[in-house]
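Asker: Please read through the structure below; I'll follow up with questions.
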Amino acid sequence: MNRTRALVCLFLAVLILAHESEAQCRRLCYRNRCVTYCRGRGKRSVEEPSGGAQVVEKRAVDDADIPSAVEERELDEEESIEFR
């Protein structure tokens, strides 16, 4: 029983690591504000420099809020967002 439990735990750990490695992150910047979206992790960080310091805020976000490739292409055409 302990051997089976250990194998199940190992299998779950591998699945979690595989999911984390598939996270796709994109960094979008507009004026003085940069947003990093990580698709696989479901998190994003918002960076807004104020004065000389940077404030980084992390919060959970739905994958539906992440721009698709088509939306990113439209933003590129408008040239309103700089990709870094």
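Backbone N, Cα and C atoms are what each Cβ position is placed from, and that goes for glycine too.
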Asker: Which residue in the list Cys25, Cys34 does Swiss-Prot annotate as forming a disulfide bond with Cys29?
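Answerer: The record-listed partner cysteine is Cys34.
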Asker: Roughly how many Å lie between the Cα atoms of Cys25 (disulfide bond) and Cys34 (disulfide bond), rounded to a whole value?
Answerer: 13
Asker: With every protein chain in view, what's the tally of Cβ atoms within 10 Å of the Cβ of Cys34 (disulfide bond), excluding that atom itself?
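Answerer: Neighbour count, Cβ to Cβ under the 10 Å cut-off: 18.
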